[in-house]
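Inspection log for the structure reproduced underneath, given as structure tokens.
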């Protein structure tokens, strides 16, 4: 099987939906947040811990795994699931975003992208066909088309030309994809331009994919601009296919994205800020390494029931982070991922009760106020 997507409920006051995404490695309740495991590991977390916090699917990075240890080695190991001992669903990105982030080290051609490795300067080439080959060897349940990712801001003409190439590449990706146990998603581009987003959606629907992602957001544009693009893009997307907003993971953005009809999200934010001693709480972000928490013997978030908040204090975690102890990063990462996955569970509950706007208002009132931190 590849995947199937069933819509279970549409919220009456918003565009939010409840869905069930079926994959060869299990079912996913949407809307969902996907922890990022760039190097075939969610940094500092074991697969058992990810299951404990109810992670349903994780994301890995094609670019990094292509460079190290190599997709052929992972294929030899039986694919990503066996290699990393994670038997639930996996999504791999195409590597496009990372390659196009190497602005001084890459050259774009119609056939693909030539680039130099950020590790050792070695020269490489990735085409749409190569990106699909790598992802077929990695063996994820959901894989992504290879797209061109314009920087923000970019002028209209550049984005228009880039979009046309992305559509041509999407066709090549679909033609190259041969694994029936994988689903290939197309990626909508078009920058902040309404007509280009519309053009992108229509072209990808014409090619035909089992799911569609919104790319090119959360790349430096203002929050209001991102929401505006979602407002005019999501309604154009097929109702009966999963909708994936790439690279978005701040709690407030997850809520707003779901309200606009998005089903899937991923972001390195929760794990990245955790490594620097910042955590999500019901009252907003908290930087536990700050001196004010040296003698604070309360949990990171008194309203959280995760393992970390039940067993450790801000003072202790601050001590670990300041001393650069590995356990400190493990605890902050565990808490942050639990916080987001728990938030998504609450969002799904609110959609079921047709009460998402009330949930949003109450959540943001506390989260953005930060009065008690």
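Including glycine, each Cβ sits where the backbone N, Cα and C put it.
Under the heading active site, proton acceptor, Swiss-Prot lists 93. Reduced to three states, the DSSP call for residue 93 (active site, proton acceptor) is coil. Cβ contacts within 10 Å of residue 93 (active site, proton acceptor), excluding its own Cβ and spanning all protein chains shown: 31.
Around the Cβ of residue 95 (substrate binding site), a 10 Å sphere holds 24 further Cβ atoms from the protein chains shown. Marked as substrate binding site by Swiss-Prot on the basis of sequence analysis: 93, 94, 95, 96, 97, 147, 189, 216.
Annotated region 'RNA binding' per Swiss-Prot: 247-253 (among others), in sequence order. Per-residue pLDDT, averaged across the region 'RNA binding' (247-253), gives 98.
A sphere of 10 angstroms centred on the C-beta of residue 266 (active site, nucleophile) encloses 22 other C-beta atoms. In the three-state DSSP scheme, residue 266 (active site, nucleophile) is classed as strand. Marked as active site, nucleophile by Swiss-Prot on the basis of sequence analysis: 266.
Among the features that Swiss-Prot reports, region 'RNA binding' is placed at 271-275 (among others). Mapped onto DSSP helix, strand and coil, the region 'RNA binding' (271-275) counts 4 helix, 0 strand, 1 coil.
Other Cβ atoms within 10 Å of the Cβ of residue 335 (Zn(2+) binding site) number 27 in total over all chains. Annotation source Swiss-Prot lists Zn(2+) binding site at 304, 306, 309, 335.
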Coarse DSSP state, helix versus strand versus coil, of residue 216 (substrate binding site):
coil
So residue 306 (Zn(2+) binding site), by the Cβ count within 10 Å over all chains shown, scores 21
Helix, strand and coil residues within the region 'RNA binding' (247-253) as assigned by DSSP:
3 helix, 0 strand, 4 coil
For residue 309 (Zn(2+) binding site): DSSP state (helix, strand, coil):
helix
Other CB atoms, at most 10 A from the CB of residue 97 (substrate binding site)
21
